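Enquirer: Pulled these from TrEMBL:
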- F:Asn108, F:His113, F:Glu118: oxalate binding site (BINDING)
- F:His111, F:His113, F:Glu118, F:His157: Mn(2+) binding site (BINDING)
- F:Cys31-F:Cys50: disulfide bond (DISULFID)
- F:64-209: domain 'Cupin type-1' (DOMAIN)
- F:1-21: signal peptide (SIGNAL)
Protein chains: 6
Amino acid sequence: MSPKVTVLLVIFSLHCHITLASDPDPVQDFCIPNTRSGTVRTTQFDILPCKNSIKVTPEDFVFSGIKSPGNFSDTGLSVVPVNPTNFPGLNTLGMSLVRADLKVGAINAPHFHPRATEIAYVVQGRVYSGFVDSANRVFAKVIEKGEVMVFPRGLVHFQMNVGKLPATIFGSFNSQNPGNHKIASAIFGSGINDELLEKAFGMNAKQIGMMRRRFIPKSRVRS
Amino acid sequence: MSPKVTVLLVIFSLHCHITLASDPDPVQDFCIPNTRSGTVRTTQFDILPCKNSIKVTPEDFVFSGIKSPGNFSDTGLSVVPVNPTNFPGLNTLGMSLVRADLKVGAINAPHFHPRATEIAYVVQGRVYSGFVDSANRVFAKVIEKGEVMVFPRGLVHFQMNVGKLPATIFGSFNSQNPGNHKIASAIFGSGINDELLEKAFGMNAKQIGMMRRRFIPKSRVRS
Amino acid sequence: MSPKVTVLLVIFSLHCHITLASDPDPVQDFCIPNTRSGTVRTTQFDILPCKNSIKVTPEDFVFSGIKSPGNFSDTGLSVVPVNPTNFPGLNTLGMSLVRADLKVGAINAPHFHPRATEIAYVVQGRVYSGFVDSANRVFAKVIEKGEVMVFPRGLVHFQMNVGKLPATIFGSFNSQNPGNHKIASAIFGSGINDELLEKAFGMNAKQIGMMRRRFIPKSRVRS
Amino acid sequence: MSPKVTVLLVIFSLHCHITLASDPDPVQDFCIPNTRSGTVRTTQFDILPCKNSIKVTPEDFVFSGIKSPGNFSDTGLSVVPVNPTNFPGLNTLGMSLVRADLKVGAINAPHFHPRATEIAYVVQGRVYSGFVDSANRVFAKVIEKGEVMVFPRGLVHFQMNVGKLPATIFGSFNSQNPGNHKIASAIFGSGINDELLEKAFGMNAKQIGMMRRRFIPKSRVRS
Amino acid sequence: MSPKVTVLLVIFSLHCHITLASDPDPVQDFCIPNTRSGTVRTTQFDILPCKNSIKVTPEDFVFSGIKSPGNFSDTGLSVVPVNPTNFPGLNTLGMSLVRADLKVGAINAPHFHPRATEIAYVVQGRVYSGFVDSANRVFAKVIEKGEVMVFPRGLVHFQMNVGKLPATIFGSFNSQNPGNHKIASAIFGSGINDELLEKAFGMNAKQIGMMRRRFIPKSRVRS
Amino acid sequence: MSPKVTVLLVIFSLHCHITLASDPDPVQDFCIPNTRSGTVRTTQFDILPCKNSIKVTPEDFVFSGIKSPGNFSDTGLSVVPVNPTNFPGLNTLGMSLVRADLKVGAINAPHFHPRATEIAYVVQGRVYSGFVDSANRVFAKVIEKGEVMVFPRGLVHFQMNVGKLPATIFGSFNSQNPGNHKIASAIFGSGINDELLEKAFGMNAKQIGMMRRRFIPKSRVRS
C-alpha cells in the first residue's frame, strides 16, 4: 500500500473511533460489532459498525468465558467483566455482566459504577456485602448461595468473603459500560494535590505518602 | 370510622394507584415502597410512596426467595419473577430478575418481554435456548452450566431442557417490569376473531377451535 | 482507481454502516441522510452522515409515495412502510408511518412493533381492529372512516377488513424504526426446534410440518 | 359529609393533581386514567391513577371525535387536538394527534410544538405548508391529498389552504402533550414590556399598541 | 496525493459528518473530540471521534474564553455561546453555557431554545428578564447581581438591561446543543409566504415588507 | 378534627410522599410544587402536585438566596445547594445549581454527583480544581475568575482555594437532584466493616479507628 494511502487509512481509523454516547433503547434487533482484527482497534467505548446480519450466528449471543474464575490478584480477588468488548452480542442492548470470585477472606474493595445498578447473585459462598447511601449509612448483610443483593446506581459498595469456602458472584448491570471507580485508587493512586488530600482526610504528609505508595500503579511511579 | 370517612379512604386509595410510566434513571438513591399491608393494595404497576429512609434496612435490598425452585407447572416449568412487588429494593432502579427451572424435557414456550433485554445465566443443566429476529431467523444453541445467552429486547425467545438433569436459569432484565407475552396464549387463548385467526394461520375452524380449548384459561371458559 | 484504494473504499464503506442505537431526542433541527447512490449502500439501520444543510430542500421533508396503495399480496394486503430509508426527512426525528390497504375480507395478521406505539387512522373502510394485552385479553372493535385506534407499544395487534369496500389505514409510530414481528412467521417460519414447537402449541409433528411449509419462505426452503 | 371531611377532600384533591413529568417509555401495557367526573378535576397535565384493568374496554382505545371538523374560528380554521384528556387510551403511550380543517384561504398561523415532532397527512385539499429552521431558512411547499410533511420538533411551522376546496389535515405527534405555542399571541398578546418589543421588532409604540389590541385576549383586556 | 485518493478523502470527510442525535447519558467518562485542524471541518452538530484518552489534558476541561465580553452588535448585545465546538470538554456531557453582555438599555430579543432549560445567573447589572408560557402569560421580573432565573425548555424568553451599568449574564443549559430560535428573524427574516404573514399578524403588504427589510440578512437579500 | 380524620390525614400524608423517579424531559411548561406549609412535609425527593398555574408568579422562577455566601464550616467551606426544595421553579426542569465559597486555603473535599455533570464558573478567586477519571488519572488545574471547568457526571472531583482572597464558585447541574457523595465520610464515616476497610486501605485497626473518629458524625457516635 502506498504511503499516502496508508496515511489515509490511519486518519480514517482515528476518525472512526466514534464513541457511543449512551445506553439508549435499541432501534434495531441487535448490532454485532464488526471487529475484524487488524483493521480497527477495538476499545470498549467505540461505536463499531454492525456486522452484516447475514453473518451473525447464534454464537454471537452466547458467552462461555465465565465458566471458571479469571486470574486472581494477590489479595485473592478475581473479576471478569463481560461487555461488548469480549461478548459482542451485548452491543447496544443496555446490559453487561461480571463474574467475581473471592478466596476465603478476600475483599472486593469499595467501588462504584457510575452508570448502572448492579444485581449480584451469589453462585456459591457466603459474602458480607453492602453499600453506602448518600446519607453515609451502610446497608450491609451476609448473603449466601442463591441470594440476591441490589446495589443502586452510583452508590459505593463492597464485598468480603466471610465464609469458609471460595465465593462466586454473578453480577448483571443495566448498562453495557457501567464503569468501575475504585475509591482507594481514585483518591490515593491518582495524583491529587497532597495538601488537598491532607486536609480532606486529616492525615499528615507522611501518612499521605504511605497511601500513595500503596495505590499508585508501579508503572506510573517509575515513569 | 364513620361511613363517610371510609368512603373517602376508598376514593383516596383508588387515586393513589398512580402508575409508574417509565424505567427512567433514578434521581434518588433508592425508593423502598411503603407497603404496609391493610392500607394500600399493591400491584406491580403502582408507584408507591417511598418508605421513610430512616426505616429502610439492609434486608430491603436482599432477596432470598429464589434459593430453591418455585411451583412447577404440569409441563415441568417453574418460573419465579422477582420485581418490586416481591423485592421492594428493586423499585425505581431499572432492573428485575427471574429464576426459571425446567425438568428434563420441559420447555419455556415462545414468549417475549416488550420492555427489557434479558441476560440468561445457566446455573445448572443443559438448555436449548434461542430467539427469533425480525427477519424470522432463529439464533439458537445448547448452552450449559456457567454460560450466558442474551435475548435482545422485544424478540421472541424460548428454552428447552435437553440435558439429563433438571436445569436452572437465572435471568436478569434491564427494566423493573419487563412484561411477559406468551405467544400461544396471546394468539389462541385471548379471543381474537376466529375468521381472522383462520386466515392468519391457514387453519380451519375446527383446528382453531382445538387451539382455543388448549389455551383459553379454564376460569374464563367457564364464565 | 487502483485496487488498493478500492479495497480501502470498501473497508470504509463497511465501517460507516454504523447503526443508530436509539430514538432519542434530536439535538439538531434535522439530519437528512447523505445517500448518494453508488457510494454507500443504505439500510434502514445505518446512521448516515447528514447532508450539508445548504443542500437540504423542502422536498426532503415531504413524502408523496403513499397517495395510492402499494403492491397487494395474494391475500389482499398492501403495506407501505415509510421510514428514513424512503423518506429521509424522518431521520433522527423519532417518528415513522405506514399506509396499509386491505381488500374486502383481507387481514393484517397478528404482529407487533417492539419499538413503537401505533396510532391507526381509518382513511376509508370498516376494519375489525384490535390488540392483546399481557393478560391475554383482546381489545377489538370495528372502526370506520375517520376513527382512530391506538395500539400500545409491543402488544400483538391485527386488523381485518369487514366492510364491503377496500379499506385504507394511515398509521404513525413514535419511532423511526418501529420493527414489525409477524407472529406466524416468527414461530412457524423461522426454524425453531420441532420438539419445542410441538410442546409449546400442543401439535403433533405432522401439524407442525404443515405450519412450517406454510410460513417458511420459499427462498429459504430451496436453499 | 362533615365540614372537616370536606376540607380534607379538597386538600386531597389538590395534592393529587400530580403532574406527569415526561413522555417516557411505558412500563405497563397501558393506563386508562380513572376520571370519574365529580371527584377529581382532570387537566391535561395530571397523572391520574389507572383504571382497574378489568374495567378497561375496547372503546377506551378508539376515538371517534374527529370524523368531522370541529368549530371554525372567524378566520376559517378548526383545530381539534386529541390527547389523553379526550382520548384516555393515549395516556402514557407517548403519542397524540390532531385534526385541522382550513377553509379556502385560511391559515394555521406560525406556531411550534416544544415537545414533539409532527407528521402531517393531507386527508383532502391543497396546503402550502412549511417550517423555519434555526438558520432562519424556510422549507415550504404545496402538498396535497395523500402527501405527508414532517415538522421537526420545536421548529416554527405554518399552513395555508391554497386550494379551491376545504382542506383537512391529520397530524400525529410523538408526545402525549406536544404543546402549542402560537408566535403572534406569545409575543404580542402576552404582555411583554413595550420598550423591549419596540426594540425587538423595530416598531414604534403605536404599532406595538395595535399589535397588542389584535392579539391580547379580550377577556384579559377587560379585566 | 493522487486525484483519486483526494476524491476518496473528500467522500470520507463528508461521510464522517455524522450528527449527534441526542443528549443522552454518557457511557464513557468523557469524549474530547479529535479536531485536528485541516483534516475534518468541525461543525456544532458533528459527532467526532474521541481523542485518545492518553492525549487528553486538564486544559480540555477548562474554558477561559468568557472572561471578558464578546463582540457587541449594533444594538449593544454580545452573546458568546460555549459548546463542544469551542469547549471540546463538554462533548457528550449534556451541558453547555453562554455569556451574554447587554449595554445599558440593550435587549436580548425574544427567542427560545428548543432543546434545553436555561439557568441564568446575573454576574452584574439589573436585567428585566422573563418568559412566556403556553397560555401566553408573561413571567417577568427585574433581577440583579447574584440572582438566578430559570427559563423552562422551549419557552420564549427575553432580557433587557434596565440598570445604569452594563449587565453580564452567565447562562447554563442542560443540552450540549440547546438551539437558539430568534422569533423576529424566524418569522420576518426567513421568507415565509407574504400572504400567510399578512393573515397571521394582521399586517398589510407594506408593513410586512418593512419587517422583511429589517430582518432578512443583507447577505441573503443581495443574492 | 376528630381523631379518626386525623389518622386519615396522616396516612394520606405518608402516601403522597411519592418520589420522583427521574429527570426526564418535561411534558408541561413547568410545575411549581404546591408546598403549603403545615400540610405536607416537603423533602427533596417528593413529587408534589403542581400549584394551580393561575397562582404561579414570576417570583416562582427567580432565586435570590445566593447573593451572599451561606454559613461556613470550621474548615472554611460554605456550600448552598439550590434545587426544588428551596427554588420551586426548578421542579421537573432537569437542572439545579450551587454556590460554593472557600476561604483562603479551604478545600471542597473529594466528592461526586452520581446523577449530574457540573459546570463550575469561578465568580471570584483562584481555585485548584480537578477530577479523577476511571483510569485513576487526575485532570486538575488552577482556574480563576471568569473561567469554567466541567466535571463529568459521576467522577470524583475536588477544589482548593489557592489564591490570596476568598473564592466563590457558581455551579450548575443537569439534574434537579444531582446527589453529593463525600468520599471520606462515605468510607470512614458510614460504618463499613473494620476488617474490610483495613484490607481495602492497607491500614491497621488503630488507623481505621482514627479515621472513623474523624468522620463519623458526632450525633451518631453518641447514640
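Please read every residue number as a count from 1 along the shown chain.
For all residues, glycine too, the Cβ spot is worked out from N, Cα and C.
Walk me through where these features lie, including what they touch and how far apart they are.
Expert: Counting Cβ atoms from all protein chains shown, F:Asn108 (oxalate binding site) has 26 others lying within 10 Å of its own Cβ. Look at F:Asn108 (oxalate binding site): DSSP puts it in a strand.
F:His113 (oxalate binding site) falls within neither a helix nor a strand when secondary structure is assigned with DSSP, and so counts as coil.
Annotation for F:Cys31 (disulfide bond): same-chain Cβ neighbours under 8 Å, separated by at least 6 residues, are F:Cys50, F:Lys51, F:Asn91, F:Thr92.
A mean pLDDT of 95 is what the model gives for the domain 'Cupin type-1' (F:64-209).
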Enquirer: In the structure shown, which of the binding-site residues F:His111, F:His157 has the fewest Cβ neighbours within 10 Å?
Expert: F:His111
Enquirer: Let me check the 10 A CB neighbour count of F:Cys50 (disulfide bond). How many other CB atoms are there?
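Expert: A 10 Å sphere around the Cβ of F:Cys50 (disulfide bond) contains 24 other Cβ atoms.
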Enquirer: For the domain 'Cupin type-1' (F:64-209), jot down how many residues DSSP puts in helix, in strand and in coil.
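Expert: Secondary-structure breakdown of the domain 'Cupin type-1' (F:64-209): 22 helix, 58 strand, 66 coil.
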Enquirer: Report, in sequence order, every one of the recorded positions (F:Cys31, F:Cys50, F:Asn108, F:His157) having a CB within less than 8 angstroms of a CB belonging to chain D; if no such residue exists, report 'none'.
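Expert: Listed recorded positions meeting the cut-off: F:Cys31, F:Cys50.
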Enquirer: Using C-alpha atoms only, work out the spacing between F:His111 (Mn(2+) binding site) and F:Glu118 (oxalate binding site) and round it to an integer in Å.
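Expert: Roughly 12 Å, rounded to the nearest whole number.
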Enquirer: What other residues of this chain sit with their CB within 8 A of the center of the CB atoms of F:His111, F:His113, F:Glu118, F:His157, the recorded Mn(2+) site?
Expert: F:Phe112, F:Phe131, F:Phe151, F:Leu155, F:Val156, F:Pro178, F:Asn180
Enquirer: Report the residues of the chain - excluding F:Asn108, F:His113, F:Glu118 - with C-beta within 8 Å of the mean position of the site's C-beta atoms, for the recorded oxalate site, in sequence order.
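Expert: Other same-chain residues near the oxalate site: F:Val98, F:His111, F:Phe112, F:Ala120, F:Phe151, F:His157, F:Gly171, F:Phe173, F:Pro178, F:Asn180.
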Enquirer: What's the number of neighbouring CB atoms sitting within 10 A of the CB on F:His113 (oxalate binding site)?
Expert: 28
Enquirer: Under 8 Å between C-beta atoms and at least six apart in sequence, can you list the same-chain neighbours of F:Glu118 (oxalate binding site), or say none if there are none?
Expert: F:Val150, F:Phe151, F:His157, F:Gly171, F:Ser172, F:Phe173, F:Pro178
